[in-house]
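Student: Handing you a structure now.
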Amino acid sequence: MTENTSAEGPQTLRELQIANRQLGARNAKLVELLQASRTKLEEINGRLEALAEPPSTYGTLLQANRDFTAEVFTAGRRMRLMVSPHVPQHELVPGAMVRLGEGQQVVEVTGQPDFGDIAQVVEVSGDRLIIADKVGEEYVVKAAGDLAKEVVTGDSVIVDRKSGWAFEAVPRAETNNLILEEVPDVTYDDIGGLGQQITQIRDAVELPFLHPEIYTRYGLRPPKGVLLYGPPGNGKTLIAKAVANSLAQSDSPYFLNIKGPELLNKFVGETERQIRAIFEQARRVASSGRPVIVFFDEMEALFRTRGTGVSSDMESTVVPQLLAELDGVEAAGNVIVIGASNREELIDPAILRPGRLDVKIRIARPDAFGAAAILSKHLDASLPIDADFSAATGSNEAAAAALRQSIVDELFTRDEEHRYVTLHYADGSREDLYWADFVSGAMLANIVDRAKTLAIKDALHNGANGTDGLRPEHVNAAVLAEVGDSEDLPDTTNPAEWARIYGHGTKRVVDIDVHKV
């Protein structure tokens, strides 16, 4: 009996130890499960309590006081509310959106409102802004945070009219599309056939900017504005861009490129607002000493002669706004306005008088010499030229010159084959116009592009072992295609208007005969 007990004792002890360890592991697992259940239960209880809470209201913080109260605009009225001690004092910034808990106390700061009405800044006065809505009504609001330091006149801001706060500056896409602030990459060397006109505008624009001290010595005031006018497609916009680029070589100019038709807006006063914003921006930049060029393309679309409107007659308000801004340009010093138009007779005379757009430069159609100069910018020896043609002419340079001359000869020949239209005047006389009378820089560039396309198609068709490069037949075909595509453009329903646009309206035109190519 003793032997059995002593034999079984150690074995029983080991079993008890194993069982004890197993029970301990189970107990630890039960404790872990119990803790997880308790956490889950607390989470569920928290959700139930949150569901039982009344809905929160929000308001705009007007002012935080030292006695843990705050002035809050909520539900359309101003209220003084208690601030929860859990809310950090440094977050209580006027203009911030706050959440109100049960009992109408501030329990959380949720940041700045990111929605509201859009208004235009008219004036910045300390931490207050004078703003105007889309119908022109002005009112005063407070600027939240550092907004007053960030905005300038003409900027758009998000406002809450009821609380009287402006929260954030908003970029206006339509205004940004009208303004190209970067300096264009067009130089005078890129413009051919307009040497005299380039000299005129350089004398009018660049000299006063580059040598102001000499103008002061002579008591000569620089011109406020320049009008570039003439038939379409002859380089008016290119010249304005080249002016800005030239000034950039000695200074850092600001180029505002305004597309006239895009400023038009159906809302009363909106076009005038944008004009004010543009010139305010120009004056602000000019005050730092930088030259500013405000370029109005298609000027006749905006500033037509007053009294010629058919319905709204918006010219009666838009033109005076521009006149007021032009009269204010002199005070700015470094601002000059350049306008471009192919219908200069439609622009209000008050804009064109001396003292506003002082210098008027006609950009006429190129003659044969000017056309060759323009073509030299688009067709030179750097282009692929047919090897046989290059060998026949002696060099790539000679071949390119021959191709250019071929285009000029084809366009500027005045014979029956090259007659374009016949104008019939009211006095019974008539006048024949030829291809040469309708040549423009844009047309010449398009002819070269057509010739390149034909050469590319031939190269693809002939393969690697075929001929490659520009040939005379390419440029000749391009000329015929360009003229042929234009033969349906003359407006026979209103011949006088069409002739005037294209610079041939010396007398009253009553009819047009178009001669097919």
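Heads up, the Cβ atoms here are built off N, Cα and C, so glycines get one too.
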Student: For the feature coiled coil as recorded in Swiss-Prot, pick the matching range from 25-53, 228-256, 315-343, 344-372.
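Tutor: Residues 25-53 are the ones Swiss-Prot records as coiled coil.
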Student: Using the Cβ center of GLY233, ASN234, GLY235, LYS236, THR237, LEU238 as the ATP site position, which other residues in that chain lie within 8 Å, going by their Cβ?
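Tutor: Residues close to the ATP site, other than GLY233, ASN234, GLY235, LYS236, THR237, LEU238: LEU228, PRO232, ILE239, ALA340, ILE363, SER440, GLY441, ALA442.
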Student: Measuring CB to CB from GLY233 (ATP binding site), give everything in the same chain under 8 Å that is also at least six residues away in sequence.
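Tutor: Non-local contacts for GLY233 (ATP binding site): SER440, GLY441, ALA442, MET443.
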Student: I'd like to know which of these binding-site residues, ASN234, GLY235, LYS236, THR237, LEU238, is least surrounded, judged by other CB atoms within 10 A.
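Tutor: Ranked by other Cβ atoms within 10 Å, the binding-site residues ASN234, GLY235, LYS236, THR237, LEU238 bottom out at THR237.
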